[in-house]
Each structure stands twice: as structure tokens, then as C-alpha cells.
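Since the structure comes first, as C-alpha cells, the remarks are kept for the end.
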Amino acid sequence: MPISTINDSISESSVHKSSIPTKVEMSQNEKYSEAPSEAPTIPPPPEQYAWSRIRENCQDAFSEFFGTFVLLLFGDGVVAQVVLSRGTKGDYQSISWGWGLGVMLGVYVGGKSGGHLNPAVTLANCLFRGHPWRKFPIYAVAQVLGAMAAAAVVYGNYKSAIDAYEGGPGIRTVIGENATAGVFCTYPAEFMTRTGMFFSEFIASTILQFVIFAMADSANIGAGPLMPLGLFFLIFGIGACFGWETGYAINLARDFGPRLVSYMLGYGSEVWSAGGYYFWIPMVAPFFGCAFGGFLYDVFIYTGPSPINTPGMGFGRLVSPRRSTWSNTYNANSPV
């Protein structure tokens, strides 16, 4: 076959192939013979909802609020049951168990924020673990409000029992045989001196923070995921061994919040003056105690990032803090 014939054949074949339609045209009737399928509705991502944005921005405050709320529900609740039943539904060790459970469950609830549940613990984390100082007032306010809300719930739940115990509706006493103010906040034993009151709270708070840092230290044995359970035994131990003299408040939010609620509910100004104006000691001593407990642990045991493990033991940072000191010094998650 001549080359020209072959070329003609190939050319003709190419023409025929190129003439094959690549798109099938549909008539108007065919186009609309079937209803178009609806596209699936995809909900917007959670961050686009207004409440989701609020929850994200206020996550720490909500976590501390509800964590402290749960702590006080169990803590004040067990005191109410033991006191108002006149010891028939529990005893002093029941109170230690109840507070231990309250802390454990509160840490589970408030774990996203670190589960501090205590302004003094938050302070220690700001001082020694790089927790942002700008978050300290947010945590403290949320903790106090959570404690107040829980105290109000406990009061509402036990109001009838309080009336019966006190001797009638509207009778509310702070000191005396039928006093019920101690259900909500702590009052010292009658024999305690002012110095003894302070050091009782100081020592218990020092133990609290020292052991918390030990359990949170991954370079030590550490509690890991069992941290809430470890805190249960820690609080139970403090209550069982150091709680009699002052009631082991060891927490401004736990004491001041319910004390304020009891004042508002009719217990009167004696909630502030009782025990020689004892009310300020649970507000101040835990800060000194937790700071000292954290200091002791970092000086003698801790080897991780801490102002104690810097030149001058962090004193230079205290007298001339850098901006990072007030945001997030170590860029690390704050332990409990």
C-alpha cells in the first residue's frame, strides 16, 4: 500500500474519531424528567455557634466554678447530714470522707482548667508552675462563686432540717448548742488562741500543696491519671489528722463563699465576729501555707522548670518581672 494511502486512511480514521460527540445533549424533557437530589445539610462547626464561643472563652471559669460547686455540695452536704441528724447519720470520719469525695469528684469535673478549686492552690501554681497570673483573679472569683452556689443549694435542701434543729423557722444561730452556722463554714474550737488558729490552717495548707506538687511531679512516682484519687486520700488524711481545731478550711473559696451566703440567709454579723473575728484566718493562712508548701517541694525535691531552679532562686524575677511572668512563664500546662 502506498504511503499516501496509509496517511489518508489514518487521517480519515482520526477525523471519524474526533467527530464522536464527547457530551450527550439532553432534551428539555429529559433534563427535568427527574427531580434534582437535595444536597445534604451539613451543620456549621460548633465554633460558629454563639454559645460555643462563649463556652470556649470561659472554659477555665466554668470548670473552676462547677468543680468547686461539686466540692462544696459534698463537703457542706456531709456536714449538714452529720450535724442535723445529731450524729445518727454519720460522725467526724464521715465528714472527712465526704470532703475527700468532694475534692476527688470536683477535680474530675474541673479538670480542663487544672482542677485547682482553691485560690491558694492557684497562687502556688502561678508562683512555681508558670500558671498565667492574668488568670488568677478569674479562677479565684469562679471558685468563690461556685462555693456560694453550692452552699445555697445545701441550705435549700436542708432548710426543714435546720428549722427543726434550731427550734423553729427563722431561728439561725452561730454559736450554741443548736447552732447550724458550722454547716456552711468553719469556726475554731473554743480553746484555740489566735496564733494557734493561724498555724493550724497554715500547717494543713502547707501539707496540702507539698503533696499536690509531689503527686503532679512526673519525675517523682507521680499520681498520673490517679491524681483525683490521690487527692481524695490527701484531703481525708488532713481532715482526720489536722481538722479538729479549726475545721481545716485550707481554702478561701470553701470558707468565705459559704460564710457570705450564711450571712445573707439570716445568720447575721456573728458569722464574722465569732471566734474573735476568726473569719480572716481561713482567708489568709492558706495562701501562706500553700506558697510555703510549694516552696519546700521545689527547693528540696523538684528538678523541673521553676523559679526556684533558676539563678538566685527566682528572686530577680520577683523584683523585676518580665512581661512573660504575667502571662505564661513556662508555656506549660498547670498541674492541679
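Placement of Cβ uses the backbone N, Cα and C atoms for every residue, glycine included.
These numbers come from a predicted model, not from an experiment.
Look at the topological domains in Swiss-Prot: GLN93 and ALA219 end up on opposite sides of the membrane. This prediction places the mean pLDDT of the topological domain 'Extracellular' (157-195) at 97.
Within 10 Å of the C-beta of ASN178 (N-linked glycosylation site) there are 13 other C-beta atoms, taking all protein chains into account. Outside the topological domain 'Extracellular' (157-195), and at least 6 residues removed from its termini, the chain residues within Cβ reach (under 8 Å) are 76-77, 79-81, 83-86, 151, 244-249, 254-256, 258-259, 261-262, 265-268, 270-271, 274-276, 278-279, 281-282. For the transmembrane segment (65-85), the partner stretch with the highest count of Cβ pairs under 8 angstroms, out of 95-115, 196-216, 281-301, is 95-115.
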